[in-house]
Structures are given as structure tokens and as C-alpha cells.
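Below is one structure, written out as C-alpha cells, with a few remarks after it.
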Amino acid sequence: MNLSYAPSTIAAIATAPGRGGVGVIRVSGRDLLPFAQAISGGKTPKPRYALYTDFVAADGSALDNGLMLFFPGPRSFTGEDVIELQGHGGPVVLRMLLARCIELGARHAEPGEFTRRAFLNDKMDLAQAESVVDLIDAASETAARGALKSLKGAFSGEIHQLVDELITLRMLVEATLDFPEEDIDFLKAADATGKLSAIRQRLSRVQATARQGAILREGMHVVLVGEPNVGKSSLMNALAGDEVAIVTDIAGTTRDTVREEILIDEVPVHVIDTAGLRDTDDVVEKIGIERTWQAVERADVALVLVDGREGITANVEAILARLPERLPRIFVFNKIDLAGEAPRLGEEDGHEVVHLSAATHAGVDLLKARLLALIGFQGDAEGVFLARERHLDAIRRAGAHLDTAAAEWQQVEIFAEELRLAQNALSEITGEFTADDLLGVIFSRFCIGK
Ligand code: GDP
Ligand code: ZN
């Protein structure tokens, strides 16, 4: 049997590539019951029940056996009919099953296409859709918990609440536009500015939480400067504490500068080691170095690590001279245990200085606290939902419009217009007011099968 479907049936391997106990293929489209019957050799699945079955080829021979789940729309992830095939998790088996789905009329799903359909079918709003990826990509348990909160609508709920209050206020303000001679008195009597300031305060609270959430998601970028043997690796391990330090090479080339990822109190910290930033004629190395300099441009802080007994060497001075001037620097004088010094935090020559021992961990907490304070992390991630720079930007713009509205409220037309613009900015977060090309960018960052 060869069933032809509207081009809108999509299929993808949803589990990670490689071998695994179980591999899942996900299919989404309209009217997929005949599809389900074809692939199970004629069985009719009961909605939302696991059906143990052979998955069969066009000639009726078995390709694999496993479980089939059938979720008729709209009660499914995408809002359309969804079929999940849980087969054996081998790459060859899964490829055969996927090919069979294509044969039955599905096409390969694009990255994020399932979630995009969920968004378009109102199963979730844009902030929730983004948190699907953030949950998958979460670098720490706190980030994962925050992403799940956003996925379940905690962040969107705050935004909706704000939008609702804005709409109520807008109705009030726009009503007065029809009676220009009484407008100011009317707005005064209705306490329009009081209502506006309550909304502004609520927005500020949401902004503070979202900022913490964005920090948990994006983490901070640290440029590490230091001679060999001053204790860079030891310091990274000391900062990471019990949490496993994950050492990663940038994909592609082993000669690229090594970047390390550690967690400091659940905040992901991306460390760029400037040891790789030397002059070279090697083309591949040059590309890596170029990329590292670009990362340096975007960094939050430079950590300058020296052996406290040696001080700042000429090599270190040379690197410092090439760092962007705006980049804050924290000087770390390491190995105080060898000099018999006590840990301390201070300022020398206008720079922050920390004296510590990466070996004994004395003073490491002082540095940790300084680093987290630098990016504005408040330590307590309880109740924080994950957010993105995109969201913060929208909140900032909404705030600016509300501030203009507050300053200009006696010019009722401006007042009304600024409220409208604030509402639009907030609606970009949940996707009610979002350009198509932005949607394209957001969903293209998903993995295939999500
Ligand atoms: P890197 O080359 O800059 O990464 O330096 P490492 O972290 O590999 O450390 C070089 C050597 O210095 C190792 O033998 C460390 O055990 C030692 N070391 C690092 N920090 C300290 C410290 O604070 N005190 C002492 N006594 N030794 C340290
Ligand atoms: Zn090292």
C-alpha cells in the first residue's frame, strides 16, 4: 500500500543519534490513522494506548517491532495527529523505519518543526516553545528546573497578566480620547497614573526574575589570562567545586583554543583560555585564534591569574594590552599558601584583586562571589523561570514605553500610543506579535525531531 498525504505530514527520529535501548520516531500530520494502520500491518491503535506491534515494510515483512502510540489531534504535542514509533535504538533500524514513513507520504521534519506546529496550533506560546530547547540544553539542574517552569507557563503567565492590565488601562485612556475637553480630569479621577505605576512596578519585578533566568541560561564568559603553571586548571577546578568540570574542545579542530565550561553555583561559566592566543602562520590555528578573539569581545570579565610570588609578567602585560578596554579585570594572586598569606579581596591600582590559593581553596569563595555579583546573579534561583536575551530586550522596550507614558500622560494621545507600544513589545515574548522571520530564526535553532 502506498498512501499519499498532504505534504504536511512530517517525520523524524526524535531520539539522539547513535545506539540506544529504544529509538523513537515521531510523525505529525492530519488524519494519520491510515498511516498508523499501514505501518502496523493493519492494526488500529487505540488513542493514547501503547500498542505492541511489528512495523512492516510495503511488502508486509517486518522492519522492527516495538510500541506504537497514536495521539489524535488536537490532544497531542503538535495539535495534529501524532504517531510515535518506539523501536530498537539502532541507527540502521531507525533509518529503515524513517524511510518507511517517508514512503508512506511523510517528509523529513525540519529542526524544531514539531514545536513550531505546536506553537502555530496554540498548544503553547512562543516563550514556552523556546523553553523546550532550553530544557534540552540546560547546563545545570537549576537551569533545567527554570526551563520547565517556563515550559509550564510561569513566565508566559506573568506576561499575560501584564498585558491584561495594560489592556484595561488602554481602554480607559482611549475612552477619554473621545472627550478631549474633559480628558485630564477624567484620567485623574480614574487614577490612570496610579494604575500605570502599578503596572510599571510589576514589570520591574518580572524583569528582575527574567534577568536571573537569562543568567542561568546564558551564564557568563570569562577570559582567563595567565602564564603556564600559575594554577589556571587548579583554579577552574576549585571554582567548580563538587560540580564536574566539563572540558570541551571546540568542535572541528583539536588545535583550536580550549574552552572550558564549569558551573559556579549552577551558573554556567564559559572560560576562554588565552594561552592559545599566540601568533602563528598555521591557517587552521589562525581561524581558531580569530574565533577566540571574537569570543573575547563578548566576554563579561577577564580573570588575570598570576603566581603571587612572581607578580604580573611581561607576557601577561602584553595580552592585557590587547584585551578590549571596556572588559572588567579581576587580578588573582594565586598560591598564597606558599607565601603564608591570608586570603583577601581588595583594590590595587584601580583594579580588583583577590589573593587566594587554588590548591587549598582559601579565598576561592571571595572570587566566586565577585564573579557572580559582576553579572548580577543574586544567588537564590528559587522561583526563577528561564528567559532569554530576546525576552529581556522586549521587557526593556516595554519599560521605556511605560516610562514615556508616565512622563507624557497629560498628552492623552501620546499616553495612549505609548501604552499600545508597550503592549506590543510584551506580546513579542509570547509570540502574539512576532514577525515570521523571527519565528524562522527561533525554530531553526531546535534539533530535528523536536
Ligand atoms: P596551569 O598550567 O596554569 O593550568 O597550572 P596548574 O593548575 O596545572 O598548576 C600548576 C602547578 O601549580 C600544579 O602543580 C599545581 O598543583 C600547583 N598549584 C596551583 N595552584 C596552587 C596553589 O594555590 N598553591 C600551591 N601550593 N600550588 C598550586
Ligand atoms: Zn592547565
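Including glycine, each Cβ sits where the backbone N, Cα and C put it.
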Binding-site annotation, TrEMBL, (6S)-5-formyl-5,6,7,8-tetrahydrofolate: partner of Glu84, Lys123, Lys450 in Arg26, Arg30, Arg396: Arg26
Do you know offhand how many angstrom separate Lys450 ((6S)-5-formyl-5,6,7,8-tetrahydrofolate binding site) and Ser233 (Mg(2+) binding site) by C-alpha? 37
Would you mind sorting out which binding-site residues among Arg26, Glu84, Asn229, Ser233, Ala275, Lys450 put a C-beta under 6 angstroms from ligand 2? Ser233
From the binding-site residues listed here (Glu84, Lys123, Ser233, Ala275, Lys450), select those whose CB sits under 6 A from an atom of ligand 1. Ser233
As a test of reading the model: what is the averaged pLDDT for the domain 'TrmE-type G' (219-376)? 83
Please identify, among the binding-site residues Asn229, Ser233, Ala275, the one with the smallest Cα-Cα distance to Lys123 ((6S)-5-formyl-5,6,7,8-tetrahydrofolate binding site). Ser233
Taking the centre of the Cβ atoms of Arg26, Glu84, Lys123, Lys450 as the (6S)-5-formyl-5,6,7,8-tetrahydrofolate site, the remaining residues of that chain with Cβ inside 8 Å are Ala14, Ser28, Ser76, Phe77, Thr78, Val82, Phe114, Thr115, Ala118, Gly449
